[in-house]
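Heads up, the thing below is written out as structure tokens.
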Amino acid sequence: MPPVDTRVAIRPYAFLLLTVIGIPSNLAICFAFLCALRNDRRLLTADVILCHLTFSNLMLDCTRGIPQTLHTFGYKLMFSDLGCKLIILSFRSFRGLSISLTCLLSTYQAVVISPASSKLDTLKSQIPRFLTLTVTLLYVLYFVSCISTAIHGVANLVNNTMPPYTFNIEFCYATFYTFTALFGIGMAVMMRDLVFIVLMTIMSGYILLLLYRHSKKVKSIRSSDRTQLGARAEVKASRAVVTLVTIYVVFFGIDCVMWLYSISGVWVEPLISDIRMYFTMLYTSVCPVVIIATNPKVQAKLRVYIPERTTHSVDTLSSTV
């Protein structure tokens, strides 16, 4: 009996696990916010950002998670050259949106909990006012800037030969004909994302500083129950945002190390590509779990809807007996 390749044996189930967790949980969050919008006729600023972030993660699962999982289970040649270009464009764009929207969320949360004396206080009214414009510009920025990568996507290789400076995306290939093109586009993408990573890290550090000051203040001052309730809600939301940022910074760091290693040679090793892709997709599964576990509005909508549906089904069944 031939020896079993551990990488080949584990890969399908590892990516399947991420897809099975990521898609239903992101759909659940989108559903919860749609219910909130239907009932309340509006969403808070943080909810709008979370909704776009969840949608970006869902699209990441659909445009990369599903094809990757199907390919690891043996499905081949799923796309044409045009299909590969569209998949790469969608994946790269929504990955960037996931980074920038996490940054926007951390920035807004830092602004919300900042004291009135802070320079960030002026943004409390500006961010909600220009939120639609900001999010639209982020969508345009990433879809336009990712075209330079997407145009290199192909479904098949000439003579089934892997040329130099080619990224094997399993079901597609991204062929860069020179090292300059590979390195230049890669560095431009990394520096673009790094700007948002640095900004969200700074904002998370500021949030932690404010939470530390708040905890010291609470110990020395007793406030009303309503004030304490509001403060606890903001503290909980702030901790959730810091958790998301910490997770993303760690995953982005691993992705950067793997990318720098991959461009050090002519060919990219399959194991390196698997590690990069796994950590990229891991955030789309971890992020919704954190949101569901820490967001009271999402919890309330999911908790209310499921029992209502169950009760309605039982009543219908009883009336027909």
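Placed from the backbone N, Cα and C atoms, the Cβ positions cover glycine too.
Pulled from TrEMBL, these are the features on record:
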type: DOMAIN; residues: 25-291; note: domain 'G-protein coupled receptors family 1 profile'
type: TRANSMEM; residues: 12-37; note: transmembrane segment
type: TRANSMEM; residues: 97-117; note: transmembrane segment
type: TRANSMEM; residues: 137-159; note: transmembrane segment
type: TRANSMEM; residues: 171-188; note: transmembrane segment
type: TRANSMEM; residues: 194-212; note: transmembrane segment
type: TRANSMEM; residues: 241-263; note: transmembrane segment
type: TRANSMEM; residues: 275-293; note: transmembrane segment
Quick check: do the transmembrane segment (171-188) and the transmembrane segment (137-159) share at least 3 Cβ pairs under 8 Å, counting only pairs 6+ apart in sequence? yes
Where among 12-37, 137-159, 194-212, 241-263, 275-293 do we find the most Cβ pairs under 8 Å to the transmembrane segment (97-117)? 194-212
Out of 137-159, 194-212, 241-263, 275-293, what stretch is closest in contact terms to the transmembrane segment (12-37), meaning most Cβ pairs under 8 angstroms? 275-293
Other than its close neighbours in sequence, what residues sit by the transmembrane segment (194-212), given a CB gap under 8 Å and a spacing of at least six beyond its ends? 99-100, 102-103, 106-107, 109-110, 113-115, 235, 238-239, 241-242, 245-246, 248-249, 252
Across the domain 'G-protein coupled receptors family 1 profile' (25-291), the model's average pLDDT, rounded to a whole number, is 85
